[in-house]
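The structure appears below as structure tokens.
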Amino acid sequence: MAAAALTSQLNALVSNMFAMGLLDDQFQQLQMLQDSTAPDFVSEVVTLFCDDGERIICELARQQEKPNVDFDRVDSYVHQLKGSSASVGAQKVKNTCIQFREFCQQRSRDGCLKTLDLVRTEFYDLRNKFQAMLQLEQQIQACYPKH
């Protein structure tokens, strides 16, 4: 597929991510930081977010399975996920983390479990779209031979 068609697909995907509320303006700020001196900047930040997010969500699930939930520890993990979500512009994940932290502060196990399911859904939906975005970027780069 030609680079122009791939670029069009990439732009449509990112626009859709904004329209769905998955991303906010912070993601555009990240894109503006990418230039010829750091051509893989966005890709590296997104990959790090996805890897860290997956690790944190697994840890949150482990914490929720314990007979006595350490809500302060859970809150600490949620705070990490909220921070990394905010830094990449992952708006829905960030907003769900805000709700999650409220349930941690209320010491509500049921609220935390429900919000964990929601944050997991939001995160994996975004991660899948980020993976599609990175794949399109790789295909676009492959259209231009390196000298």
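Just so you know, glycine gets a Cβ as well, placed from its N, Cα and C.
Unlike curated records, TrEMBL annotations are generated automatically.
Residues annotated as domain 'HPt' in TrEMBL: 38-133. Annotated phosphohistidine per TrEMBL: HIS79, in sequence order.
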*asked:* Counting only residues 6+ away in sequence within the same chain, which have a CB under 8 Å from the CB of HIS79 (phosphohistidine)?
replied: CYS97, ARG101
*Pop the mean pLDDT for the domain 'HPt' (38-133) in here, whole number is fine.*
97
